[in-house]
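Student: The structure is given below, and queries will be raised subsequently.
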Amino acid sequence: DRFGLFLSLSWRTLQSGGSVLDAVEMGCACCEMEQCDGSVGYGGSPDEYGETTLDAMIMNGNTMEVGAVADLRRIKNAIGVARAVMERTDHTLLVGESASVFAENMGFIAEDLTTNKSLNIFTQWLKGNCQPNYRKNVFPDPSMSCGPYKPKATLNQRKRVAQHANTRSHDTIGMVALDQNGHVAAGTSTNGLTHKVPGRVGDSPIVGAGAYADSSAGAATATGDGDVMMRFLPSYLAVELMRAGADPSAACKTAISRIKRHYSDFFGAIICANTTGHFGAACNKVPGFSQFHYMVSNSESDTPLMKSVDCI
């Protein structure tokens, strides 16, 4: 499994004296270059214009510093740019074209993120009348037609369409790293939703939503329907619950349950780890998604171990 390879690289980075930040960046960067399951890195998830844009975030649990980028164009190494935001500016989040210019100024290479695969996905979508999409309360009818769209005079409350959630794959790589001194870091990287409205930013680069780390409590990272999940800051909530004494599994379950109270059929999962090295995960049960798989490397095993949890 390629996720196992990325985790091995992160683990070896820690073992060879690298920092938790180095470990998180290494794992996410390898996933970006290998395109993981298509939902991370270049050549995946084209938006309504056919362009692939990237979101990423990295957090230092010792200093509470964060670097993040969103709607990043032309730069493959999103997690690297996020770390540069953290280490080479006083800011937390840079977005869009200006984030790309910053990256180029910092020495990152600009290149086309489109591939034959992403171009084909986009072309087929156009041929299929731009279905599915994420528009509502506009005309022409977005359930039947492509844009450009204009606002409708009346607003209709429509239930979110479950088909938007791709339960076959996680939509992000999220990593948590803990070293023998209790230092914690977390990071995420994603190319977001396929056919998203251009400019859309999900949960991944948002502090406390996509990930959160605090070396006095632990860390968490989330995956799934970011538009819903980011409204509840699940990673922040889970870390605060661990600070209050909850074990990682219980903290994860509570964070998922909080979202489920309002959106019973959302697609999502979260992993949590505390400062003593204990870990857990939780996910919301929806059709086609009853178990969540994640990977762990620690001193008890030479190779990454696949873990799973039954969804609630």
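Any Cβ shown, glycine's included, is placed from N, Cα and C.
Straight out of TrEMBL:
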ACT_SITE  T172  active site, nucleophile
BINDING   R200, V201, G202, D203, T223, G224, D225, G226  substrate binding site
Student: Rank the binding-site residues G202, G224 by the number of other Cβ atoms within 10 Å of each Cβ and report the first-ranked residue.
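Tutor: Of G202, G224, the one with the most crowded Cβ is G224.
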Student: Distance check, please: Cα of V201 (substrate binding site) against Cα of T172 (active site, nucleophile), rounded to an integer number of angstrom.
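Tutor: On Cα coordinates alone, these residues lie 13 Å apart.
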Student: Could you round the CA separation between T223 (substrate binding site) and the residue listed as 'active site, nucleophile' to a whole angstrom and send it over?
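Tutor: Cα of T223 (substrate binding site) to Cα of the residue listed as 'active site, nucleophile' measures 6 Å after rounding.
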Student: Please report the distance from the Cα of D225 (substrate binding site) to the Cα of the residue listed as 'active site, nucleophile', rounded to the nearest angstrom.
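Tutor: Cα of D225 (substrate binding site) to Cα of the residue listed as 'active site, nucleophile' measures 10 Å after rounding.
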Student: How big is the gap, in Å, between the Cα of D203 (substrate binding site) and that of T172 (active site, nucleophile), rounded to a whole number?
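Tutor: A Cα-Cα distance of 10 Å.
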Student: Quick check for the class: what is the C-alpha distance, in angstrom and rounded, between R200 (substrate binding site) and T172 (active site, nucleophile)?
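Tutor: About 15 Å separates the two Cα atoms.
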Student: Return the residue, from the listed binding-site residues D203, D225, with the maximum count of other C-beta atoms within 10 angstroms of its C-beta.
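Tutor: When each Cβ's neighbours within 10 Å are tallied, D203 tops the list.
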Student: Give the distance between the Cα atoms of G202 (substrate binding site) and the residue listed as 'active site, nucleophile', rounded to the nearest whole Å.
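Tutor: Each residue's Cα considered, G202 (substrate binding site) and the residue listed as 'active site, nucleophile' end up 10 Å apart.
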Student: Among all the protein chains here, how many other CB atoms are within 10 A of the CB of T172 (active site, nucleophile)?
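Tutor: Taking all protein chains shown, T172 (active site, nucleophile) has 28 Cβ neighbours within 10 Å.
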Student: So how many other Cβ atoms are close to T223 (substrate binding site), meaning within 10 Å of its Cβ?
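Tutor: Total other Cβ atoms inside 10 Å, all chains included: 26.
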